Amino acid sequence: MANINLKEITLIVGVVTACYWNSLFCGFVFDDVSAILDNKDLHPSTPLKTLFQNDFWGTPMSEERSHKSYRPLTVLTFRLNYLLSELKPMSYHLLNMIFHAVVSVIFLKVCKLFLDNKSSVIASLLFAVHPIHTEAVTGVVGRAELLSSIFFLAAFLSYTRSKGPDNSIIWTPIALTVFLVAVATLCKEQGITVVGICCVYEVFIAQGYTLPLLCTTAGQFLRGKGSIPFSMLQTLVKLIVLMFSTLLLVVIRVQVIQSQLPVFTRFDNPAAVSPTPTRQLTFNYLLPVNAWLLLNPSELCCDWTMGTIPLIESLLDIRNLATFTFFCFLGMLGVFSIRYSGDSSKTVLMALCLMALPFIPASNLFFPVGFVVAERVLYVPSMGFCILVAHGWQKISTKSVFKKLSWICLSMVILTHSLKTFHRNWDWESEYTLFMSALKVNKNNAKLWNNVGHALENEKNFERALKYFLQATHVQPDDIGAHMNVGRTYKNLNRTKEAEESYMMAKSLMPQIIPGKKYAARIAPNHLNVYINLANLIRANESRLEEADQLYRQAISMRPDFKQAYISRGELLLKMNKPLKAKEAYLKALELDRNNADLWYNLAIVHIELKEPNEALKKNFNRALELNPKHKLALFNSAIVMQESGEVKLRPEARKRLLSYINEEPLDANGYFNLGMLAMDDKKDNEAEIWMKKAIKLQADFRSALFNLALLYSQTAKELKALPILEELLRYYPDHIKGLILKGDILMNQKKDILGAKKCFERILEMDPSNVQGKHNLCVVYFEEKDLLKAERCLLETLALAPHEEYIQRHLNIVRDKISSSSFIEPIFPTSKISSVEGKKIPTESVKEIRGESRQTQIVKTSDNKSQSKSNKQLGKNGDEETPHKTTKDIKEIEKKRVAALKRLEEIERILNGE
């Protein structure tokens, strides 16, 4: 076995770098979104064991909607990327490029088993630059192919060392081969096919058998005229070990998918659901299509599903000629490779094996796959193609007549392939560029029109997105997903009538209800979202809530394990004020997915509605944060529950969670505001001031932050600093009653501006004539103005509003005594005492605001059809409402203030009585 040298490695790595360096500037596109951005298995908070329970896309293998692609080792490398750079795509693309270089170098070593040094380097160069590999290398999810190929080739190289002197068996390389096959299979399923290549290598290369020799030996043995040679028995033992190991891996793999194949729609692979002979003719035609992509990769497309390749429905279809030609050529090469024993036939045989065997899982031979053509599955088969081309070039270049021409042609192929690969990488820069490049190749694929629409939709360009979605419905009128996309876009454009019509059209395309029929086997999971989307749309109308609930129940009846339907129904039931039923829906969803942080969060909201804050906090919010320590809504709202509980011991944890929240959401003023409220509760006035100012800096019109900052200044003897804050508050909210009361108090007591205070109290009564606090304070203003008769009338009106308030009656009696004695010379109410009459004037314990902005309950929505509908659920009370819970300490403080107010009232009464 020839070794590879440093020059060859440098050449290969340099060529790979030159072709793929621009891929470092591409983002996450197409399948990368599901496998990387939306895959929670990448997050450090997800237990490692979960990687071995979920499929490649992060869906539990036990779920019917799972793709059943089991590649935990590939996901593990994604997780390592995430650990190093989180979701920055450059590191992911860099590692892919490195893996491709490694594969190319190992492939060079494999080539030297069958080709001379020069041809081996050429084959490796052809492989390194082939444009068909851009999907596998530049698309991050193509790493499954890259990793699997590394262990695929390593397993084969290990097996080539299993033959010892005198044809003896060396078991260590065989054991290593089995291990590497298992690893390759855990990277991608096609890794297991290397066992077939090892078997072919053992029989036809290592032992040098040909088909005629095998037939002769078998015939003699069956006729009893001879025995099986010992070397052949040894070969048989090795083959049995390989086959048994393979069978064991297959059994384990079947157990992993729980003997279930993934559910695909007829749009994913139209031929798979077509009748005979359409299915067979089309499947066979796909073989020359794939071969042509290897031979002429000029028109590449990221998606070959739906109507990309029309079905072959007749034997008279001209495309059958391509199928016939392909099989003739393949047959001739096959006969040549297994009939003759020369080096050339061995090279051709191994090339054909590398082309054919790894392609079998994607060939629809044993089971239908979810695509028509996929360029990245040609990554390993292209190795055999490159060996075949290099071997052919070797044969031609040895003839002096064609030597120069062969070098020119080879150089042109490598150069053009390199340029094509480099240019093709730019198509993968973004989803929009990728799908637009695909539409240049194929305009009959509705999925491509949909995907361009999705790319524009992500940019909030709904008008343009709608055009592409509508075109998708024209290209494929029975595409349920396209009509759902149209409906969602109409909804985003606030055209609800058209949105409902589109959803109804999609719903009409769903299979009709058949009693006793199991729908899970016939309906793609994402298509059931039409019921969810339609229900989410119509439930905006309060009169149609029952109709929406019926849609959710219909979806559940079709798929009892449809988690999203339970989640959405639970949200609706909360809106219908049925928290107990909502709780049942969420608990059912939790039975299907107990590791969903959003579900635990939603259940916490239900317990809040049921007035069970302790249950919400201890069991649900905390569980959500165990599963996802960065769950923003759980961090925020659990902190609010702790704060509102009034338990001093919970305040440090509430503060910790709010600090984590602002770390995740640094631009949300609510986090800073609630930190300020916690600081006020802890009497940390300076800290509270800092947090409130930060909240106001982020949101200048933050009603609650403005008022509570002014209140803080008022409580800390900084009334004059409170005044400009109140002016700002009343500029945004001129009807803010408590702000007007506080402003009037400061104007009366600090600024001695009786007229300004009077305007504040009069403004309050314009908005709320029955406001006792404002009315009484206005009476005090009249008293200060020495208008006793007006003060008397005012107090009478106030007493009518609050007949049980004794202090109003006493003040009325005092005023009447003053009128009757006619001894009114100077102001009887000292302005410095006004704000404390009976504790009714700006009682600080009753004006603290506990919430600035309502928060949203995040409801998990199925993302297959990019449904983004969310529902609001307010936690806590609005900004001007009083604190709902008081601790014993708070109550004592309030009582102290009330007693102090009574003492001040006695002082006022003594002054009124002339004492």
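From the backbone N, Cα and C atoms, a Cβ is placed for every residue, glycine too.
From a predicted model like this one, the values you see are computed outputs, not experimental measurements.
Some features that Swiss-Prot has for this protein:
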TOPO_DOM  1-8  topological domain 'Cytoplasmic'
TOPO_DOM  30-93  topological domain 'Extracellular'
TOPO_DOM  115-120  topological domain 'Cytoplasmic'
TOPO_DOM  159-166  topological domain 'Cytoplasmic'
TOPO_DOM  188-193  topological domain 'Extracellular'
TOPO_DOM  215-231  topological domain 'Cytoplasmic'
TOPO_DOM  253-317  topological domain 'Extracellular'
TOPO_DOM  339-353  topological domain 'Cytoplasmic'
TOPO_DOM  398-404  topological domain 'Cytoplasmic'
TOPO_DOM  424-915  topological domain 'Extracellular'
REPEAT    446-479  repeat 'TPR 1'
REPEAT    529-562  repeat 'TPR 3'
REPEAT    563-596  repeat 'TPR 4'
REPEAT    597-631  repeat 'TPR 5'
REPEAT    703-736  repeat 'TPR 7'
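Counting residues per DSSP class in helix, strand and coil order gives 10 helix, 0 strand, 7 coil for the topological domain 'Cytoplasmic' (215-231). Averaged across the repeat 'TPR 7' (703-736), pLDDT in this predicted model comes to 92.
Residues of the same chain lying 6 or more positions beyond the ends of the topological domain 'Cytoplasmic' (215-231) and with a Cβ under 8 Å from any Cβ of it are 167, 207. Beyond the ends of the topological domain 'Extracellular' (188-193), by six or more residues, the same chain brings 69-71, 74, 144-145, 147-148, 151-152, 155, 181, 246, 249-250, 253, 357-358, 360-362, 377, 380 to within a C-beta distance below 8 angstroms of the stretch.
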